[in-house]
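See below for the structure under consideration.
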Amino acid sequence: MKKTQTWILTCIYLQLLLFNPLVKTEGICRNRVTNNVKDVTKLVANLPKDYMITLKYVPGMDVLPSHCWISEMVVQLSDSLTDLLDKFSNISEGLSNYSIIDKLVNIVDDLVECVKENSSKDLKKSFKSPEPRLFTPEEFFRIFNRSIDAFKDFVVASETSDCVVSSTLSPEKDSRVSVTKPFMLPPVAASSLRNDSSSSNRKAKNPPGDSSLHWAAMALPALFSLIIGFAFGALYWKKRQPSLTRAVENIQINEEDNEISMLQEKEREFQEV
């Protein structure tokens, strides 16, 4: 019985070990995003609609996988938020905005460190250097929220993955910063910031190829672990089968011996009588 339990526990631990890469494919920087992101809506409401925020926008957010632009975009967001923080006083009426921006700066700085730790050093990038542009609070924080969403699925990129963007793409043509697009902030509840987006939003944000690779990375370890689990189960069953057969035979022999002994005992008692 103890041997059976040992084999079962071994198979369970093996399954968990093989599923470990599957868990790591889900946003490795995701835990850096705190509930303070929900204050973005309040901050946008507090800022004048015609207030302009400077941001060095990284082109290609619509046409490239997130790992291509997120490392640069998050740095530029950090710089812009830091500049914005310096413009607000940390006393009196500016305290609310100052506190919100300060928390957002801390989040973005943590994401910068996470990207540096997990980005591929051999990744080739061919897009132009970001150029400073002016954005309204709605436009700026739309880019901010989309960058935050990208971290939900951020994984380590393949070393052979190239990030090439067409030379004809300009910030003005990028629909992500189109000034005519209505401002739609994502839900600000903490659960929605940590849960997956809807399938339609995922398709809009990620190219089909990137999504296919993501699902392949999830499916292959799962399939491999199932095959290994069945193989160990078959080997264990094959090993245990002869011993089980012998055990059944021994039980039958013992029962027959007991019956014979009982009959002999009764026969002796009858003869004595």
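Cβ atoms here come from the backbone N, Cα and C positions, even for glycine.
Per Swiss-Prot, disulfide bond is recorded for Cys29-Cys114 (among others). Annotation note: Cys114 (disulfide bond) sits in a helical segment as assigned by DSSP.
In this structure, Cys68 (disulfide bond) is part of a helix by DSSP. The disulfide bond annotation in Swiss-Prot covers Cys68-Cys163 (among others).
As annotated by Swiss-Prot, N-linked glycosylation site applies to Asn90 (among others), with the evidence given as experimental evidence.
Residues or ranges marked as N-linked glycosylation site by Swiss-Prot on the basis of experimental evidence: Asn118 (among others).
Other Cβ atoms within 10 Å of the Cβ of Asn145 (N-linked glycosylation site), summed over all protein chains shown, number 18. Positions annotated as N-linked glycosylation site by Swiss-Prot: Asn145 (among others).
Taken from Swiss-Prot, the feature O-linked glycosylation site covers Ser167 (among others), and the record attributes it to experimental evidence.
The O-linked glycosylation site annotation in Swiss-Prot covers Thr168 (among others) and is backed by experimental evidence.
If you look up Swiss-Prot, you'll see Thr180 (among others) marked as O-linked glycosylation site.
Annotation comment: Swiss-Prot describes Asn195 (among others) as N-linked glycosylation site.
The annotation site 'Not glycosylated' is assigned in Swiss-Prot to Asn97. When Cβ atoms from all protein chains are considered, those within 10 Å of Asn97 (site 'Not glycosylated') total 20, not counting its own.
Annotated topological domain 'Extracellular' per Swiss-Prot: 26-214, in sequence order, evidence recorded as sequence analysis.
According to Swiss-Prot, the topological domain 'Cytoplasmic' annotation covers 238-273.
The transmembrane segment annotation in Swiss-Prot covers 215-237.
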Students should find that the Cα atoms of Cys114 (disulfide bond) and Asn145 (N-linked glycosylation site) sit apart, in Å rounded to an integer, by 17
Across all protein chains shown, the one of the disulfide-bonded residues Cys68, Cys114 with the most other Cβ atoms within 10 Å of its Cβ is Cys68
Cys68 (disulfide bond) sits from Asn97 (site 'Not glycosylated') (Cα to Cα, rounded, in Å) at a distance of 31
